[in-house]
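J.: Sending over a structure as structure tokens; questions will come in a sec.
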């Protein structure tokens with residue numbers, strides 16, 4: 001080991017600051033594209049008549065639509081955050097009371113658990129710092145989602161306006177905007193976590209075990225907000241999307257994002273609050289939890305015994321190096337390579353994944369060599385300590401990193417309409433919606449196979465080399481290129497909004513073709529982002545599971561025993577229960593939206609003729625009210641289940657529950673996300689009509705196209721609500737169990753004791 005404490009104290013915050021500055025630079029470059037009254041210039045675009053609309057009229061219309069979308073997103077998040085504030089307050093009290101009760105609300109310092117010769121903070125102090133970490137995690141997650149939404153609503157109209165010049169310029173604006181979100185989230189999350197550790201260290205001193213166990217509250221706070229953000233945003237966006245598609249496309253036979261459709265603004269708002277704010281909070285939660293799991297395990301290893309700050313900071317150094325790697329990778333797409341045609345969009349995004357993975361592999365090797373001792377031990381409950389070499393950790397982190405790349409490529413293959421699986425789904429639309437749905441379901445089930453093998457291989461290798469610490473750092477490896485992953489993920493909804501604005505502003509067919517091409521690639525990148533989120537969730541939840549087992553003092557989780565097996569069975573059922581709740585919530589909200597859109601078409605004179613405006617605000621309000629109301633029951637299911645099971649049935653049953661939810665949830669999440677993504681791109685394949693095969697299925701409004709729209713409608717809640725929310729379910733229950741493990745170990749299982 002060569003690196004010293006001074007290096008860590010400077011390198012980690014410096015990386016975070018560089019990430020924030022880079023994001024601000026990208027934001028400044030995007031802001032130079034003027035919209036509406038911001039500038040009298042025309043961004044270098046020559047004034048021409050565009051489908052009968054002057055250039056200045058187009059810009060003004062784009063500004064008006066952008067303002068409406070931004071206002072709707074702001075309104076929803078403000079309402080959602082009010083409810084989250086109430087939840088955070090109540091749950092903070094629960095954390096403090098439950099953890100303080102373990103020591104009988106004792107304020108005196110106690111002997112340290114792993115070194116009885118030393119005195120550690122009281123249980124009340126431990127509970128207090130865990131609660132503070134929970135609040136910080138929740139606030140950082142909230143900020144991450146909000147910042148993502150702001151940049152997305154800031155960039156959508158700018159992407160549209162640049163699409164008039166070329167598809168390459170539009171791509172640059174959308175991708176730069178996505179990178180703003182990616183770097184802000186990765187840098188803010190790392191900076192807040194590192195500063196929290198340094199501040200907590202002033203109180204905990206050499207009690208690294210207590211410090212890092214208190215820090216787990218940071219991951220719990222992040223994932224708690226992510227759950228409600230994902231579920232609430234998913235219900236919002238899909239209620240609007242389903243209502244807009246079913247009435248607009250199927251019944252009224254008008255184009256997608258037609259300004260005559262009353263639900264069109266709500267649909268575009270939903271892209272930002274669901275796919276941007278929700279995904280941002282989700283991946284922030286994954287980062288926080290995987291880091292916390294690695295820190296907890298490292299604190300009870302020889303790192304903690306030796307007070308080796310550099311080695312224990314290994315997860316933070318990895319994340320910091322990832323920011324620099326992603327910065328270099330982003331420059332390839334924005335500065336070193338110029339897109340000249342639509343066919344280059346998807347390959348460019350794919351190269352981002354490959355380049356960042358290759359560069360990160362070299363960075364991981366150097367960090368493993370210079371930041372870790374040549375040999376160290378990892379404690380394993382109930383077994384002999386595991387002797388580990390530093391190059392073992394390189395393989396562990398690398399396995400997670402490359403497993404993520406494999407998942408990304410497999411997801412792309414099964415959801416991009418440039419490949420055979422999605423084209424087969426589109427071809428099935430010849431005979432109607434039923435065969436389209438059958439083919440789509442089959443595709444989703446099949447798409448699970450390779451990702452699960454990749455995750456399984458990473459788990460086996462990592463655990464064999466470094467036990468649960470290996471799995472924790474493998475999860476970090478998958479998330480080490482988080483800024484790049486978020487950039488290409490956020491690019492999708494920004495492009496989708498850009499296409500909607502182009503349609504609503506009455507731009508030319510050529511511009512709409514460009515934005516459609518950006519959007520089609522965005523659907524694939526969004527699916528890749530969900531694949532990363534699900535794959536990392538599997539590794540993160542397993543690492544948290546290992547930390548929970550250690551903290552609860554469980555030597556062996558024996559699934560043959562009745563307590564564990566009952567938990568396993570119920571845990572495997574929970575993702576189905578959760579999916580049923582979220583799917584029905586979307587259905588109920590969509591039902592209200594469909595009725596409202598039908599009512600407006602029926603009662604507003606001149607709406608279909610384009611001489612009257614629809615009531616957009618009423619549809620936005622329906623989505624807002626429904627999503628806020630419907631997000632509470634699924635959230636309560638996830639948050640209350642570990643507490644109820646741990647208290648009533650004990651730590652063994654809860655261990656079985658976590659294992660069952662992990663195994664079941666990963667399969668359903670991958671299948672649901674990829675099925676929905678495939679149906680969406682099958683529809684876009686027919687609409688674009690770029691190949692001879694696609695033209696035989698089209699054009700828009702044909703029977704095959706209507707069948708594809710129905711499939712896309714069915715898939716919407718799968719890919720944007722239930723599927724991506726499931727990865728939060730398995731992570732959140734695991735980190736919550738870890739936080740409350742001392743309480744469950746001391747007081748749990750009283751029903752069996754009766």
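Yeah, the Cβs are placed from backbone N, Cα and C, and that goes for glycine too.
Bear in mind that TrEMBL entries carry predicted annotations, made automatically and left uncurated.
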J.: According to TrEMBL, which of these ranges is transmembrane segment: 267-287, 288-308, 351-371?
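T.: Transmembrane segment, as annotated by TrEMBL, spans 351-371.
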J.: Which residue range, 225-246, 467-488, 489-510, is the one TrEMBL calls transmembrane segment?
T.: 467-488
J.: For the transmembrane segment (532-553), what are the same-chain contacts with Cβ under 8 Å, counting residues 6+ beyond its ends?
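T.: Answer is 213, 216, 219, 279, 282-283, 286, 289-290, 292-294, 296-297, 300, 379, 381, 400, 403-404, 407-408, 451, 454-455, 458-459, 467-468, 471-472, 474-475, 478-479, 485, 651, 654-655, 658-659, 662, 666, 669-670, 673, 723-724, 726-728, 730-731, 733-735, 737-738, 741-742, 744-745.
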J.: Which stretch from 170-203, 316-339, 436-461, 565-583 shares the most C-beta pairs under 8 Å with the transmembrane segment (467-488)?
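T.: Out of the listed stretches, 316-339 contacts the transmembrane segment (467-488) most.
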J.: Quick test of the contact rule: Cβ under 8 Å, at least six residues beyond the ends. What residues does that give for the transmembrane segment (125-149)?
T.: 73-74, 77, 81, 84, 88, 91-92, 95-100, 102, 107, 181, 184-185, 188-189, 192, 196, 200, 203-204, 210-211, 213-226, 229, 272-273, 276-281, 284-285, 288, 490, 739
J.: Any residues 6+ beyond the ends of the transmembrane segment (565-583) with a Cβ under 8 Å from its own?
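T.: For the transmembrane segment (565-583), the nonlocal Cβ contacts are 231, 234-235, 559, 633-634, 637-638, 641, 645, 649, 652-665, 668-669, 672, 717-718, 721-722, 725-726, 729-730, 733.
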